[in-house]
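So the structure is just underneath, and the comments pick up after that.
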Amino acid sequence: MDAKTRLCCLIGNPVGHSLSPMIHNTLADELGINLCYTAFKVEKDRLHEAVAGADAFDILGMNVTVPHKCEIIKELSDIDPLAARIGAVNTLVRVDGGYKGYNTDAIGLYRELEEENIIIKDKEVIILGAGGASNAITYICADKGAAKIYLLNRTFDKAKKLADDVNSHFGDVVVPLAISDYRLIPEGKYPVIQTTSCGLYPHNDDAPIYDKEFYELVEAGVDIIFNPAKTMFMKLCKESGARAYNGLKMLLYQGIAAFELWNDIKVPKNLADKILGMMERKLKES
Ligand code: ATR
């Protein structure tokens, strides 16, 4: 580090277990970019001060995590149209007069899908969950041209609300259902994205749905959870003969997309793979 080192950071609460510093500091080292990344715990009522401070220090970029992803929007000087539609921002990029907000969570998931050869355009897909993570994912699937999205949630009303919201931008693409009503989905094989918090460590044996009949619908399953590395949802997908992936690549690619925005570069695939390996090892140690 020297007097020209640019700073990027994560703000949220908690931030202590984040893998983002490892992702960004490795990218900077490997690409020879004079940039350093750290994490700051920011309390809910101090978000405005945190952004004003970052602005004063000319911090190059920030990632934003829970609980600030929606509240941060009123602190921005500009916002990417997809992030505005989603209503949540996880990446801030330095621009004249402040920060522009993006949602690279959605971009990260889409890159993971592309890499695993899971096609969304003109396809019918199933999304489990209707919380904050599902919001970004449902929007990006609609934005990338899904023919239909079956949005299944334990609480039907939340699925209906998110479906209405997305449909107001994209036409009648999202069909909300209670999870227990999955039998209303026509027979076939679908990409299924699991966005609920069910199955997250230490509740490794939990899945939002156990019925074998449901898993007959799965062509490829993607769980956004990465700890544990193999969730119960993924095991059930595999038992029914489907491919299954965890959310580690989504996490990696949301970081890479942010790094690319901050530095106006493209990260090579071999470097992305190297960092994925480091993340896997780090999770195994923890
Ligand atoms: P996030 O930001 O991680 O999406 P969230 O906004 O709290 O978190 O949403 C959590 C999601 O996981 C919701 O869809 C929730 O379903 P409800 O809307 O019915 O609460 C879902 N979820 C959590 N625990 C679940 C469980 N045991 N079974 C099924 N769905 C569950």
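Placed from the backbone N, Cα and C atoms, the Cβ positions cover glycine too.
According to TrEMBL, GLY129, ALA130, GLY131, GLY132, ALA133, ASN153, ARG154, THR155, PHE156, ASP157, LYS158, ILE224 bind NADP(+); the candidate from GLY108, GLY199, GLY241, GLY247 that the record adds to this site is GLY247. Summary of the site annotation: TrEMBL records shikimate binding at SER18, LEU19, SER20, THR65, ASP105, GLN254. Screening the candidates ASN90, ASN227, ASN270 against this entry identifies ASN90 as the one listed for that site. Close contacts with ligand 1, defined as a Cβ under 6 Å from any of its atoms, occur at GLY131, ALA133, ARG154 among the binding-site residues ASP105, GLY131, ALA133, ARG154, GLN254. For the recorded shikimate site, residues SER18, LEU19, SER20, THR65, ASN90, ASP105, GLN254 set the reference point as the centre of their Cβ atoms, and the other residues of that chain within 8 Å of it by Cβ are LEU10, ASN63, LEU251, GLY255.
Confidence over the domain 'Quinate/shikimate 5-dehydrogenase/glutamyl-tRNA reductase' (120-169), given as mean pLDDT on the 0 to 100 scale, stands at 97. Cβ neighbours within 10 Å of GLY129 (NADP(+) binding site), excluding its own Cβ and spanning all shown chains: 26.
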